[in-house]
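Chemist: Quick one: the structure is below, and I'll ask about it shortly.
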């Protein structure tokens, strides 16, 4: 037993099982729960990985039977050695699936089995099951994915390893300029270009939607409150649903012409509200500084053109 005042034991979870059963789904779910995940770790590197002080974060180690030095007995030995170390708690998780379902999955994806690339997938499945049999017998946790979808597999991992905590879904609130195209990472996009534009108020043009007077100007649009209310209602519906489905990251983007005033205003207000409700929120104003520099360049160019036109005796059109 560790001394009473020492740090709690570091958690290490070994994940293994046949190809196609869902190892990657499980290791990704553990990573979303806060584990430091290492995929396809060769067993020969395990001692070096665990040298020194125990890690601060729990470890999830995916052991692939296709790796060159794989041996079920060596993995069991490494696991049992770690299990006896008071500085660690260890779990051996076996991801299983019925051979017929594995064969169907290979057929649907038209992939070859890695252990029998030139033969029927059934041959590779049989070879792998024999290799892994001792691990299946020794496992602390067995997850049979035969009847499970990807989402239900994730839910099972969460149930087993989150200690009744749902995984945090990180939400990024972004503002952007339509002149620079839609952000490809956005899951939800709201177009703010119909709202009144502070760009045309000289005292606000150089400011942005992070400032209260710009926000107040945008909020004076008669449609603003209804627009914001509808957005809030939609997010109240969708965010819990996305979280329930196992989504770990969500990007909500607000766009306007320059990405400086209206989109930033809505992004700021939405991020503040979600944070107050307990969501894990980050903000990114993608184009706000670019818009400022471009406006400055345009103003200098306009001044130069005005001066040139005045010299020629012509007035420049606004």
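Any Cβ shown, glycine's included, is placed from N, Cα and C.
Not measured: the values here are computed from a predicted model.
Swiss-Prot lists these features:
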| type | residues | note |
| --- | --- | --- |
| BINDING | 17, 18, 19, 20, 21, 22, 23, 24 | ATP binding site |
| BINDING | 64, 65, 66, 67 | GTP binding site |
| REGION | 278-318 | region 'Disordered' |
| COMPBIAS | 286-302 | compositional bias 'Basic and acidic residues' |
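If you look at the structure here, what lies around each of the features I listed?
Modeler: According to its DSSP assignment, residue 21 (ATP binding site) is coil.
Under the three-state DSSP scheme, residue 64 (GTP binding site) falls in the coil class.
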Chemist: Could you tell me which of these binding-site residues, 19, 24, has the fewest other Cβ atoms within 10 Å of its Cβ?
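Modeler: Each of the binding-site residues 19, 24 was scored; lowest Cβ tally within 10 Å is 24.
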